[in-house]
Amino acid sequence: MIAALRRAVASATLMYVGALAMSGVAILLSIALPPAERGLLVATTASATIGVAVGGLSLETFLLAQGRRWLDELAGRRSLLVYLATVPLTAALARVFAHYSEEARPGLAVAGAACIAASNVPAAAGLTLGGFLSVYRYRAAFAAVAPALYAALILAGVDDADRWLAAWLGCQALMAVAFWARHGRPLVRLLRRAAPPRERLARLGLTHTGAVAQVFTYRFDQLALARHQGPDVLAVYSLAVAAIEFTQAGAVVAAQRTLGDHETGSDRRLAGLLRRAVWLSAGMGVLVLAGLAAIGVLTDGYAAALLIGLILVPRSIAVTIGKVLGARLVNLGGERATAVIAVGTALAAIVGYSLTAPAYGAVGVAAVSVALFAAHSTVTAVTLGSWPARQDAPAPASPARNSEVGSSA
């Protein structure tokens, strides 16, 4: 047991999985709140994390693509200013999203977004300089703090979302301080270096475009429901979405393998990877539905989550297909194509969710979500089918990394 724990602590991958697991535990514990209070919690944390995803400029992906030499030798004072600008930018965007939802606590959303963005800057530097294990250890540790505090609040009989949000905000603030203490020194050194002739902002913008578009497709449904249906409906819907998204774990692994496969026969291996990922998603979907059914029986106010989950299972399969095929398209040099597809889907999502949420509620929004991701995967497949085969094997593409960090309910 101790040996297994030591191996886990020594593995960046397992630390990353552990952080995800702790976020899942936090989501499950939040069911202890009354639906209205949980809706407020979800609306606030969602406003913050969407603000980070949109305003964070995909900094981890960009710096990893630039490489260690960029951070060690080329980046300077102006570079640091650009990276630090993500903090006020994410805070301002979190305020906008909180206002749109009409259910979030704007001040807490702004503070949480600023703390998460502040921790992402040194974390990106740590990853770029090869400190994967250290970064993911920190993330796993602080991801475990939130559910521990939530459990203490449950034992104390606290069902006030504002106090839960205070605990969540405290985790984000402590994480920001810890990351700067551990990985902030290379960034401080940039203050002593002149700015490079070019900041490569065009590359930063292209990297970030597709990521931002996907945020709206994945998360704008919850903001629309918070605005038009209120916290009770949002609480049930967000629980179903969070549960279904666990079924997509295999898609992430398959997409990373596809991105890194530049050897002869990669097109044939793609079919096997895709088939296994789809079957895994479907199998996990059955388990998740059983879990949602149990939650509906054991708790008050969450029975409808099972129906939403049933509707969303096809979305999970569509997301799985889209991730793997999109990774193959990037593998072949189709970054711009994937960005265009993502932007088109996001625009349709904003319109579709906004029109559906007032009249049809969670069921309608879930159905629109399925249609959007089905369209996304279909267009990606068609584009990939017409894409020219690669003649020369380029350097492996860097897999996109999620810069959204922190424990969300």
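Cβ coordinates are placed from backbone N, Cα and C, and glycine is handled just like the others.
Here is what TrEMBL records for this protein:
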type     : residues : note
TRANSMEM : 12-33    : transmembrane segment
TRANSMEM : 39-59    : transmembrane segment
TRANSMEM : 80-98    : transmembrane segment
TRANSMEM : 110-133  : transmembrane segment
TRANSMEM : 140-158  : transmembrane segment
TRANSMEM : 164-181  : transmembrane segment
TRANSMEM : 201-220  : transmembrane segment
TRANSMEM : 235-256  : transmembrane segment
TRANSMEM : 277-298  : transmembrane segment
TRANSMEM : 304-325  : transmembrane segment
TRANSMEM : 337-356  : transmembrane segment
TRANSMEM : 362-384  : transmembrane segment
REGION   : 390-409  : region 'Disordered'
COMPBIAS : 400-409  : compositional bias 'Polar residues'
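Of the candidate ranges 110-133, 164-181, 304-325, 362-384, 362-384 has the most C-beta pairs within less than 8 angstroms of the transmembrane segment (201-220).
Two recorded stretches are said to be in contact when at least 3 C-beta pairs lie under 8 angstroms, sequence spacing 6 or more; the transmembrane segment (164-181) and the transmembrane segment (362-384) fall short of this definition.
Just going by CB pairs under 8 A, the stretch in 39-59, 277-298, 304-325, 337-356 that sits most against the transmembrane segment (362-384) is 304-325.
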